[in-house]
Amino acid sequence: MPLPNQIATSNVETKNFASLKRSDEPIAIAQASRTPAKIYFDFQATTPVDPRVLDAMLPYFTKKYGNPHSRTHSFGWESEKAVETARKQVADLIGAHEKEIIFTSGATESNNLAIKGAVDWKAQDGNPVHVITTQVEHKCVLDSMRFLEEKGARVTYMKVNKDGVIDLEELKRSISDDTVLVSIMGVNNEIGTVQPLEEIGKICKERNVLFHCDAAQMFGKLKIDVNKMNIDLLSISGHKIYGPKGVGALYVRRRPRVRLVPLFSGGGQERGLRSGTLPTPLIVGLGKAAAVCQEEMQRDLSWIESLSKKLYTCLKENIPNVIKNGSLQTNPLRWFPGCLNLSFPHVEGEGLLMALKNIALSSGSACTSASLEPSYVLRALGNDDELAHSSIRFGIGRFTTPCEIKEVAKQTTSAVKKLRDMSPLYEMEQEGIDLKTIKWT
């Protein structure tokens, strides 16, 4: 059976999708269960649960319901064994030891525990602390940084270039004697930019600074090796990799040992770092999702890349002046192709979303989608407010089909042309008027 990257996307027949993509029955079931009239293109916000993951979880809701911390009977032993199996499945995907995996409620909690926990531990001696991050991190990381600033920590927010990538030399210059932590995400949730983690980790190790990575958008999609990348803390989400919502994990390096102050008190579960009864069904789901990614990551990536290129090519060929936000670099990889962020000048992003009401799209992070403010990520790239307001994020995933790519390209092209026809500014630009020279009153 040919793999997705061996198929010319222009020749892919929709009716043959199942035979080209997977022979697995669960994949076919997942595709068949989706409503044809609605198309899901928001895989950065969340992913559907893979049928194989659901099958693994179900027994722990109904039959194997023991508390994994109850060690006096077989119900508890059974659940504990399932949790430890999942712990190893997660660890294997990032090249870690299973004892380095702490289960949490999701990447937001993992980020908070990593950042606040590490800084609080370092600050116990009363010395000043300095933390480095970037201007394009997820909101939960930026809010954690502001929390630390209110407590007296000094925080440096590094700028990024037009592709969303940090300057490694600037990172070196930013590290000072009181720097205790560098927190930089692996893949950006809005533009898909991939940061040079191995180089960042090397710098941090040389300067004896902890390196935390928010890998919510990277885990299970791109190769991660925490030892090769010298990552000390790594945040993981379950629902971004076709697992359940409400579960995640934090990798915490053991050698040399990374010390954290827990966020809250309780029974001392998870090595005393995260108290509370573990949700066995959700953890089993996270473990199974990680195991599936371990087997199919490269196949998924090849498939997603082929569909992403097809969509981008179709839109560029049929819509004038389409701007790609973020990098297109593939060697080394600086962009995850499942996250395609495009700007359509003279088209309001919110208006385009309304015009494409049968397609699940986003104009930015799901956590800030209720805000009408322009994306702070796009503004950090140097885009003005108008361009930032005209952006749409196309999310492509494991279950996306060529038929959906074709339909999304068709509907987007039609909607953009219709909205531009209603724009007097676009009409003026088409007539050769340089809008930047006009003095508006």
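Each Cβ is built from the backbone N, Cα and C atoms, and glycine gets one as well.
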Residue among Gln89, Gln217, Gln294, Gln298 sharing the pyridoxal 5'-phosphate site, where Swiss-Prot lists Ala107, Thr108, Asn189, Ser237, Gly238, His239, Thr277 as binders: Gln217
For Ser237 (pyridoxal 5'-phosphate binding site): DSSP state (helix, strand, coil): strand
Other CB atoms, at most 10 A from the CB of Ser237 (pyridoxal 5'-phosphate binding site): 28
Recorded positions compared (His239, Lys240) - the one with the fewest other Cβ atoms within 10 Å: His239
Among Thr108, Asn189, Gln217, Thr277 [binding-site residues], residue with fewest other Cβ within 10 Å: Thr277
